[in-house]
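Noted in Swiss-Prot for the protein shown:
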| type | residues | note |
| --- | --- | --- |
| DOMAIN | 5-247 | domain 'ABC transporter' |
| BINDING | GLY37, PRO38, SER39, GLY40, CYS41, GLY42, LYS43, SER44 | ATP binding site |
Amino acid sequence: MKIKMRGQDVKVFYKDKEALHGITLDIPEHKVTALIGPSGCGKSTFLRCFNRMNDTIEGAKITGLITLDGENIYDSQIDVVELRARVGMVFQKPCPFPKSIFENVAYGPRIHGLVKSRAELHDIVEKSLRQAGLFEEVKDRLHEAGTSLSGGQQQRLCIARAIAVSPEVILMDEPCSALDPIATARIEELIDALRKDYTIVIVTHSMQQAARVSQYTAMFHLGHLVEVGATEMIFTSPKEQRTQDYITGRFG
């Protein structure tokens, strides 16, 4: 099993508050790794370390080592814009740009210089929308605003936007929390299909979702990594009592 990303002794501080306490976790390639735990446990903070989104928070400081294919992503020589293309992110609330459906997907490849012609750009947009399971629904309305889509469609548009710049890893921070059950099921099916081409890390509050979509699960509590393992093992025979208590609804 190849390790795509690795965090070693990762600590995150917000000014003088330590939010993560020395997290060490491997992210296997072409698998879905779910990060679970109660609100405020640090799972989203840890997720944002993987593409340096915490850099945008005033007073945030990260120590430890995080690597992508063995390369330290916090090295001073790293181009953060390029890193965020390689490690894409889908947020909790669908956030399409105030542009057309087509331009939402075309924007990334264009600014990253990934296309040489209009025809090539059209191909990337169509391929990305198809991978996100959205093309057939929007192919006759690509000129319409991305915000005109339903919530579930907007989230799939955001996934297409992330895919369009050919990432290696896709981070998802509770991507279904604002969606209805039908839209959630579509996203979950999509996640399972996408792992053939991408490595996925998902933060979720839904135990059922973590069990359905992931191959590996990591349990967080109060800024600590409680345990990590194959999802089936975590949900059927966890080693730690805190994991058992959380999964069975005794706290959270």
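Even glycines carry a Cβ here, placed using N, Cα and C.
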Cβ-centroid neighbourhood (8 Å) of the ATP site, GLY37, PRO38, SER39, GLY40, CYS41, GLY42, LYS43, SER44 excluded: THR45, PHE220, HIS221
Confidence summary for the domain 'ABC transporter' (5-247), mean pLDDT rounded: 96
Residue among the binding-site residues SER39, SER44 whose Cβ has the most other Cβ atoms within 10 Å: SER44
